[in-house]
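Structure record follows, encoded as structure tokens.
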């Protein structure tokens, strides 16, 4: 699925090979909520370091230890299992003593901070993540250095990667079967997964089409552009001066976007409209599920992007906003295999 999508850097697949996540410590993720814990309130907040652990599994164990229902447990986002990850959990415990979490024991889990907070940490309440990644076996070369410089200066395609589609693209397959009336999906979580897979596939195909046409740094008629640093967007229609918008794009004041389809999707550039219309089979589902259309930046530029060649391979450090995938960046640099 992802292997069929075009590359932005050098317009060709990377020549360098590497191992990703050969060890958990090769993939370190630290969550950034964008706000501090209040220090008081009815929620116990726990900052946890996990090694080779599933987010939901750890959350369930924390809730059980505290004697509260799993429904009273919250977190901002799921993290990779085969990794070392740090993230916040919360447990709703109004009028209850904070448990002695020094007695909590679970292989691969270390509780770094215990405090209180006045609001539940909800899924999606995440600003971004810091990454520290070792690409084992990646050897220094001129080609790889060019790719590193390109990603640092121009960014990478903001593709959704394999996690979004399920094992062997199962979620996308099921979304299509659902849309074609072959199956009924009663489970709410499965409906959400399948809808997300369909929207992600169409987004990826629009990005791929723009790369293929050399239109990743060009404002086209009817493009929908986003103000940098915000979630506000507007349409580059006949009321807008395309030349002026092009200058703003080059100054990074605005960003090009691609669609996350929904029941109220707007017509956009010809490139985008063609892809969306080819997947109209999903339109009834979007209306049925009252899915709101949204926009997502076409390209993403990592903040604080740095690299160093070590004995074991290439180490990358960078920050990405919530919703962008580190593996989408990595695939622009190396042909990686996951252990």
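Heads up, the Cβ atoms here are built off N, Cα and C, so glycines get one too.
As written in Swiss-Prot, here are the features:
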type     : residues : note
ACT_SITE : 80       : active site, nucleophile
DOMAIN   : 155-311  : domain 'TRUD'
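Cβ environment of residue 80 (active site, nucleophile): 21, 27, 29, 163 lie under 8 Å away, each six or more residues apart in the same chain.
A mean pLDDT of 95 is what the model gives for the domain 'TRUD' (155-311).
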